[in-house]
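> Shown below is the structure under consideration.
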Amino acid sequence: MTNIRKTHPLLKILNSSFVDLPAPSNLSAWWNFGSLLGVCLAXQILTGLFLAMHYTADTATAFNSVTHICRDVNYGWVLRYLHANGASMFFICLYLHVGRGLYYGSYLYSETWNIGILLLFAVMATAFMGYVLPWGQMSFWGATVITNLLSAIPYIGTELVQWIWGGFSVDKATLTRFFAFHFMLPFIVVALVMIHLLFLHETGSNNPTGIPSDPDLIPFHPYYTIKDILGFLVMLTILSTLVLFSPDLLEDPDNYTPANPLNTPPHIKPEWYFLFAYAILRSIPNKLGGVLALVLSILILVIVPTLHTSKQRSMMFRPLSQCLFWFLVATLLTLTWIGGQPVEYPYVIIGQVASILYFMILLVFMPLISIVENYLLKW
């Protein structure tokens with residue numbers, strides 16, 4: 001008799017996605033991050049749902065409701081810190097996942113790649129709005145500064161900002177709508193994830209060599225389910241260690257002061273996972289130029305497939321491209337560090353050099369070095 005998982009209308013979809021899915025036999029640990037992102041998303045939606053049961057989206061009570069969750073709700077502090085640090089784990093996995101795609105040439109599956117970029121924007125928007133909800137000093141001023149960037153758009157900028165704020169400043173209306181969007185966006189992310197997987201399963205996974213793996217495929221279960229479970233355990237161990245031993249490690253101390261429109265914090269900065277983009281924004285003295293650079297720092301990923309000039313897909317056998325890739329990683333880490341520093345010498349000039357390098361590596365050096373490699377290999 002045929003197994004029910006292969007005949008049942010719902011189960012056969014799951015079966016073809018997670019059980020009998022043909023997968024390349026040589027996938028490395030870098031292919032774990034897709035499933036880790038799924039776990040992060042599920043954990044964020046669950047903890048967020050329970051937090052929303054106790055949170056009030058009102059300027060007068062938002063800060064106190066978060067304090068109430070931590071002090072009075074059973075294991076509320078665990079929920080709150082799992083959610084806050086879970087976001088950090090989410091972004092670590094996201095950046096490693098994108099980095100894997102860049103290194104191994106997975107971006108040549110352009111539909112999957114472009115849906116992935118949409119997902120990245122959606123998750124970033126969700127995280128930004130979530131950071132506003134505790135209504136601390138950094139929540140309020142972060143929301144004010146980042147939404148104000150839209151005023152750089154010619155003609156409609158000022159009206160657009162006031163429309164988003166729901167008034168003439170960040171206030172109750174802003175907080176309420178941000179809570180609504182923060183609750184809604186993760187479900188849009190789930191829908192996008194399904195489309196992402198749909199397109200991925202049309203082509204099948206790439207593999208570290210970048211060579212078609214059709215002659216050598218193995219079933220996803222049990223080979224990769226067991227590898228994924230190991231990944232889950234490692235990630236959950238790191239997350240629980242962070243939550244239970246130093247939950248505020250990645251937080252900003254300013255956010256433990258209730259929002260005060262009359263008192264500006266000395267250094268307004270976003271969460272650590274946005275610092276690289278914030279550094280690029282700050283490195284350009286012109287407001288509109290900075291906003292464009294900020295958007296392009298992520299949007300540049302869209303044209304990466306077009307700039308692929310190598311005859312090989314993966315960087316596995318391309319040592320020159322590998323050096324350049326790790327140089328790009330170092331540049332991003334430098335930008336992350338600069339984003340958290342005050343706007344003064346020498347940080348400004350380091351940020352400007354790193355920003356120029358970031359765009360130059362992706363737009364100029366990567367395609368050129370690939371052409372050089374082709375020439376050296378007589379291709």
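Glycine too: its Cβ is placed from the backbone N, Cα and C atoms.
So Swiss-Prot says this about it:
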TRANSMEM  33-53  transmembrane segment
TRANSMEM  77-98  transmembrane segment
BINDING   H83, H182  heme b b562 binding site
BINDING   H97, H196  heme b b566 binding site
TRANSMEM  113-133  transmembrane segment
TRANSMEM  178-198  transmembrane segment
BINDING   H201  ubiquinone binding site
TRANSMEM  226-246  transmembrane segment
TRANSMEM  288-308  transmembrane segment
TRANSMEM  320-340  transmembrane segment
TRANSMEM  347-367  transmembrane segment
> Quick one: do the transmembrane segment (33-53) and the transmembrane segment (178-198) have at least 3 Cβ pairs under 8 Å, skipping pairs fewer than 6 apart in sequence?
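Yes; at least 3 Cβ pairs under 8 Å.
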> Find, for the listed binding-site residues H83, H97, H182, H196, H201, the residue with the lowest Cβ contact count at a 10 Å cut-off, counting only other Cβ atoms.
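Relative to the other binding-site residues in H83, H97, H182, H196, H201, H201 has the fewest Cβ atoms within 10 Å.
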> Are the transmembrane segment (347-367) and the transmembrane segment (288-308) close, by which I mean at least 3 Cβ pairs under 8 Å that are 6+ residues apart in sequence?
yes
> Whole-number answer please: how many Å between the C-alpha atoms of H196 (heme b b566 binding site) and H83 (heme b b562 binding site)?
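The Cα atom of H196 (heme b b566 binding site) is 24 Å away from the Cα atom of H83 (heme b b562 binding site).
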> How about long-range neighbours of the transmembrane segment (113-133): same chain, 6 or more residues beyond its ends, C-beta under 8 Å?
48, 55, 57, 62, 66, 87, 90-91, 94, 97-98, 101, 106-107, 139-140, 142-143, 146, 174-175, 178-179, 181-182, 185-186, 188-189, 192-193, 195-196, 199, 270-271, 273-274, 298-299, 301-302, 304-305
> Restricting to the same chain and to residues at least six past its boundaries, which positions have a Cβ under 8 Å from a Cβ of the transmembrane segment (320-340)?
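For the transmembrane segment (320-340), the nonlocal Cβ contacts are 99, 102-103, 269-270, 272, 274-280, 282, 310, 347, 350-351, 354-355, 357-358, 361-362, 365-366, 369-370, 372-373.
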> Out of H83, H182, H201, point to the one nearest H97 (heme b b566 binding site) in space (Cα versus Cα); all of them are binding-site residues in the record.
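For H97 (heme b b566 binding site), the closest Cα among H83, H182, H201 is found at H201.
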> Are there residues at least six beyond either end of the transmembrane segment (288-308) with Cβ under 8 Å to its Cβ atoms? List them, or say none.
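That would be 98, 102, 105, 107-108, 110, 113-114, 117, 120-121, 124, 149-150, 152-154, 276-278, 280-282, 355, 358-359, 362-363, 366-367, 370.
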> Give residue numbers and ranges for long-range contacts of the transmembrane segment (226-246): same chain, 6 or more residues beyond its ends, CB-CB under 8 A.
27, 29, 32-33, 35-36, 39-40, 78, 81-82, 85-86, 88-89, 93
> Using C-alpha atoms only, work out the spacing between H182 (heme b b562 binding site) and H201 (ubiquinone binding site) and round it to an integer in Å.
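If we compare the Cα positions of H182 (heme b b562 binding site) and H201 (ubiquinone binding site), the gap is 29 Å.
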> I'm trying to understand the geometry here, so how far is the Cα atom of H83 (heme b b562 binding site) from the Cα atom of the residue listed as 'ubiquinone binding site', in Å to the nearest whole number?
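Cα to Cα, H83 (heme b b562 binding site) and the residue listed as 'ubiquinone binding site' are separated by 30 Å.
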